[in-house]
Amino acid sequence: MTDTLDLKLSSRRQWNPVRCPVRLEVDGSAQTPTSLVQTALNNPSFDLVIAAPNGQNVYIPFTEDRKLFTANIADDPSTSSLISHCHFEGVTEDGRHALSLCDPGEITGLLMTQTNRFGLSTSNNGSFVLIPYVENNCDLGSLVHSSSRKKRQIGKQNTVIDRNPSYIREHLDGRKRFVELALVADYSVYTKYDSDEKKVNDYMQQTMNILNSLYFPLNIRITLVHSEIWKKGDQISVIPDSKETLNNFMEYKKIMLKDHFFDTGYLMTTLKFDEGVVGKAYKGTMCSYDYSGGIYVDHNNDTVETVATFAHELGHTFGMDHDPNDKDVCYCPMPRCIMNPQSGHMEVWSECSVKNLASGFNRGIDLCLFNEPGKKPSDAKCGNGIVEPGEECDCGPLKCDNHCCNGSTCKLIGEAECASGDCCDLKTCKPKPRATVCRAAIGICDLDEYCNGETNDCPADFFVQNAALCPGKENEFCYEGGCGSRNDQCAKLWGPTGKNGDENCYRKNTEGTFHGNCGTNAHTKEIKKCETENAKCGLLQCETQAERPVFGDPGSVTFSHSTVYSSLKRDDKKFCYVFKSAYGGLNAPDPGLVPDGAICGEEQMCIGQKCHKKEKISKVTAQCLDNCNFRGVCNNVGNCHCERGFGGIACEIPGYGGSVNSNEAYRFRGITLSSTFLVFFCLFGIFIGGLCVYYRVKRKRNLVSEWWSVVKKKFDLHGDLVPVRKAPPPPYAQRIRQSFTAMWGEDHSHVAVAQPAHPRNCYNSCCRQPPRFDPPSIPMVTLKNPNLASPTPLLNPAEKEEQNQERATHQHVELYPVAESFRSDSAASFNTRTGSFRPNVQPPPVPRPSDDVLSKLNEDLAKEKNAKFDRLNKTLPLPPPLPKEKPKTASSTSLRRNESIRPEQAPPPPPPAHAKPTLPTKQPKVSEDAAATEEKVDVRSMAAIFDQKLKK
């Protein structure tokens, strides 16, 4: 979108020019700054003589330049009082000289010579000085010689001056073009000039005066048709980001276009942009509704240097690129030219800049530059076929068959909005819709142009960047909109069977004959011989099966063929067909020659029948950012022509395709790759969801579960098999105990309540007690049915009878102790508390080892732990004798089984008796499931099953 190499402040050393004192004279009288300003106010024209100390005298006739602004600005009540008629121009053989005499302290001028440029200003003592901008000397050069010419001869110089570089005359067509410019000064400029509106207007007109001197050699006239000064603050966001500021101003420019017509618009500011940027502009967008314009910084007190920055950015709008540093690639007659990437005193156009400008004119970038601004409507001639100021349309001198235009008044009819142009729909008399193709591509290296829906004109012609690969081709390059394909050119001349000839055929181009050459001189008709390095760029050598060419009129073409051999055996004969027509000339090459862009060596391509390095061509070609992110191609002015769905200078943002030069290519963004995937997955999800609902409702199947089962089985998916330990039951929770017959599938469970080891309210540290190890409790079995005998313990008949009688006398549920093991003749018994078998026979006693064995074990243990071991060989002393027993008294405590000896003193008094808690009168609640299970218990069958399992 924008110039990728912005104009930046020069990093070269500070320029310290000499100051050349001069004396100015008018009509033989010496002038002071005040008297010169007074002379300019009283005389619309005067002859100025510049006298240098070295005796050189220069004569320049100056005339007031009233074409710097149009009549609409002078007639505007808000600006007419601020227009100063103090800007003069003088035309000589060396160019256009500019002089502004609005204030004695602000005199500014630009004087041109063939080899130098001088700035005219005043010194502190009130005298005049010349400041050289190119050669640091005071030699006025060619100005001295031109002063000998007569006044009437100099005054007639109103066209391109002969002293301009020769390449300007070679590339430009000599037609004069007019640029209608809108210039806006932001609030920072207004404050810089003391918030004085008149000073700002004088400075803007002074800028236009010097700008016209710089564009005068190119035969381009720039006129200020609209100006604005933001006196109450900026109307847009002016920030250090130059790119964002440029985009903001382009949006504001569209608002200005609603009330004022102009070709391009620029914003002037004093704000310093990031990275030292002093100017930024869109490239190749002159006459564009959306992007014709730019911004620049008033960065220097020297007006000439600031205007050079303005001229640089305006050159980008014309399609000019930065000058390369290689003088062999791009010729510049002075050390620095205007399109140099670094700012400074640059007042000359390089050969590359002129070529870029001529290329833009050939593509129609100047379609809006032929109407002369300031021309009065009364000067227009209705019926001449040219839309002039004051006319809305002009359908020519003959009968007007355009129903959108009134041929007698040259006005639009009714609600018509346009009457001509490639983007005007003559059926509706309105601009064609946006993204309508108005100029189709004529080859693979050309690009389509589109209407923007706002204007009736088609954009200028743009094409693929020079030296870029032809789309879809290998080793064939684009140049000036054409593809350098030898095969395609041969097929164009000879039909479908035509293709590039053998490599040996091109050796004939060094002979300079009809069968091989590098073209013919258009003036002398002399056949030119190719140099050896250019042999592949001369006459196109084709291979075909056709008898004659299919291109051109038979009377205007000539063809022939020759024979070559690729080996010494002469058994592989090749035919080389050549073509010559009368269609070639000065401006168009002969179609029988090798097309520009054809490969002629490694990283080399043909241009103008000469083989050039591709790198040399790329140096003078505008480059695109980031290779357009592989979403488009780079056009000839360095802007990306994007695919559908993308936009921006590098196709990095969503957009409508196309480019800022060719306009948007589509009316809607279309479906991008990301949106395609999004829509696909959404539709797929809806389909799967509907299918699952259908199977769930209609066929009672869960497709998700079935699919997941198949996936787990197919890919062997499973979770981590980590055993999970069950948490212990909470306090006072019911604990279910299984019967020992549960392992055989007979579960006789009962429910018991676990009592806490500590009081419920002991949670604080003060209530904590040391652990207490109680003896194991006796398992209890709850029996509800008194008619069923307890499975344990096994009782003899007498005990069973006593037990039955006791059950008969008690009606409530009782708890019976369960023995730890069965009293049977079996080898082992089952422990209902621990759930394990224990042997019924006591284990044999283990005898105590002897003292020697124990001593040996202790010694080994001491060695293992590196401890000292002392063997005791001495006899241990005998224990003291027991005290004699005293005779028993009445108060003495008798021994019980000689287990302990009571102390002689009386025992302490017993603790006070506490009332025992009353037993609950309500019977404990027993689970109904457990009761139901107990009713089915059969002790005999259980014992039989148990014995059977033990036998196995």
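Cβ atoms here come from the backbone N, Cα and C positions, even for glycine.
Swiss-Prot has this to say about the protein:
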- 798-809: compositional bias 'Basic and acidic residues' (COMPBIAS)
- 849-873: compositional bias 'Basic and acidic residues' (COMPBIAS)
- 925-938: compositional bias 'Basic and acidic residues' (COMPBIAS)
- 177-373: domain 'Peptidase M12B' (DOMAIN)
- 379-466: domain 'Disintegrin' (DOMAIN)
- 620-652: domain 'EGF-like' (DOMAIN)
- ASN125: N-linked glycosylation site (CARBOHYD)
- ASN301: N-linked glycosylation site (CARBOHYD)
- ASN406: N-linked glycosylation site (CARBOHYD)
- 694-952: topological domain 'Cytoplasmic' (TOPO_DOM)
- 673-693: transmembrane segment (TRANSMEM)
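A strand conformation is recorded for ASN406 (N-linked glycosylation site) in the three-state DSSP classification. Here the glycosylation sites are ASN301, ASN406; the one with the fewest Cβ atoms within 10 Å of its Cβ is ASN301. Only residues 6 or more beyond the boundaries of the transmembrane segment (673-693), in the same chain, are considered here, and those with a CB under 8 A from a CB of the stretch are 702-704.
Annotation for ASN125 (N-linked glycosylation site): no spatial neighbours, criterion Cβ-Cβ under 8 Å with sequence separation of six or more. The DSSP breakdown of the domain 'EGF-like' (620-652), given as helix, strand and coil counts, is 6 helix, 9 strand, 18 coil. Secondary structure at ASN125 (N-linked glycosylation site), as computed by DSSP, is coil. Here the C-alpha separation of ASN406 (N-linked glycosylation site) and ASN301 (N-linked glycosylation site) works out to 53 Å.
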